[in-house]
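Worksheet: the structure to be examined is printed underneath.
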Amino acid sequence: MSGPEIPNLLSSLRSARGGRGRGRGRGGHASSSATHDSTIQGTDTDASVSRLSAVDLGYLDDPYAQYFVRSSAGPAARRLPIINRGTYARTISLDTLIESFLSADQSTGPDSTPKQIVSLGAGTDTRPFRLFASKARPGLVYHELDFEVVTSKKLRTVQAVPLLRNILTNVTQLTEHSWSSKPSGGEYYCHGQDLRNFSLSKASKEYHNTQDAPQEKPEITLPGLRTDIPTLLLSECCLCYLNGTEASDVLNFFTSRIPNLATIIYEPIRPDDAFGKMMVSNLAARRIEMPTLKMYPTPEDQRTRLRTAGFETVHHMTIEDIWQNWVSPEEKQRVDYLEGLDEVEEWKLLAAHYIVVWASRGSGFGNWGGVGVGA
């Protein structure tokens with residue numbers, strides 16, 4: 001399904017003290033569907049505030065974050081140092097992989113290879129603004145999927161803010177649930193699509209003309225989706241909130257259509273040790289489940305998951321690994337100088353309970369799969 005931000009394990013540990021991080025909500029039916037969806041959608045504000053906190057303190061450079069935080073609530077909250085560092089580490093890890101994907105096997109000029117990114121449960125993510133504004137992106141096709149209420153709100157924000165409107169120009173309403181733009185020679189699409197519908201649509205076909213057939217669902221259509229170019233499927237704390245079948249059906253939708261496909265999955269892991277149990281308990285107190293966390297609790301489980309889905313080359317690193325290996329000593333010093341971090345051991349525990357798994361199959365990815373490996 002799609003949806004805005006859901007509190008991740010980093011944030012839930014500190015929710016009692018006001019610290020929340022960014023996650024991608026979308027599933028699990030711990031309560032009634034409407035109530036659960038509302039809970040997920042409400043956490044988008046927490047995530048955008050966490051992002052803005054990291055920006056305001058100098059961790060990240062993101063001039064667009066401010067426009068997705070309600071100013072009527074007063075000054076944006078300042079998150080705890082450990083939350084700000086988590087937001088920073090997660091962002092730079094994904095940015096590094098995405099930029100590497102975009103530059104892999106890439107020439108300059110009119111012969112450059114088109115690339116496509118599909119972001120699941122994008123919420124208030126500012127990445128498309130940052131990508132299209134940083135330099136010309138001819139041939140980049142960028143899709144975001146989320147609950148319709150979220151994508152509609154994003155459209156209103158774009159239309160209301162000149163800086164955003166100047167990036168996502170020529171906005172067009174394609175269908176009742178999808179809108180698009182033509183930024184910097186590229187293409188942007190935003191789809192109001194509950195990711196759980198991928199399973200419902202599949203079930204409609206499988207049980208067609210039987211007494212057990214579920215209520216008929218329309219065919220899943222994503223206007224502008226290309227199947228002929230290298231594509232990156234991004235799940236930033238998204239699929240972990242779907243049940244196992246739903247998550248697999250989302251992956252299958254894309255693997256069955258796009259031969260040259262890569263994915264990045266950012267999710268929590270290790271729910272069975274003492275620290276993991278505490279984090280899961282804190283999430284459960286907020287009536288939030290992470291079904292795939294139970295199904296893929298270890299790094300190897302996550303790797304096997306993607307191999308089973310059809311990906312040929314699979315890599316992983318924990319956030320702790322990425323902090324140690326991808327962040328230069330000079331950058332670590334800069335980040336430390338911003339606030340300092342007293343809870344070093346707690347940070348290591350938190351960072352060890354998040355993983356980034358990236359995988360690819362087919363052509364058009366160059367050495368993308370080996371980014372940072374062995375660094």
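In case you wondered, yes, glycine gets a Cβ from its N, Cα and C as well.
Features of the protein shown, as given by Swiss-Prot:
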type	residues	note
REGION	1-45	region 'Disordered'
COMPBIAS	17-27	compositional bias 'Basic residues'
COMPBIAS	35-45	compositional bias 'Polar residues'
BINDING	ARG90, GLY121, ASP146, ASP194, LEU195, GLU236	S-adenosyl-L-methionine binding site
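Features as recorded by Swiss-Prot, highlighted on the structure.
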{"residue": "ARG90", "record": "S-adenosyl-L-methionine binding site", "CB count, 10 Å": "24"}
{"residue": "GLY121", "record": "S-adenosyl-L-methionine binding site", "CB count, 10 Å": "34"}
{"residue": "ASP146", "record": "S-adenosyl-L-methionine binding site", "CB count, 10 Å": "34"}
{"residue": "ASP194", "record": "S-adenosyl-L-methionine binding site", "CB count, 10 Å": "20"}
{"residue": "LEU195", "record": "S-adenosyl-L-methionine binding site", "CB count, 10 Å": "27"}
{"residue": "GLU236", "record": "S-adenosyl-L-methionine binding site", "CB count, 10 Å": "25"}
Span of the S-adenosyl-L-methionine site, taken as the largest CA to CA distance across ARG90, GLY121, ASP146, ASP194, LEU195, GLU236 (Å, rounded to a whole number): 24
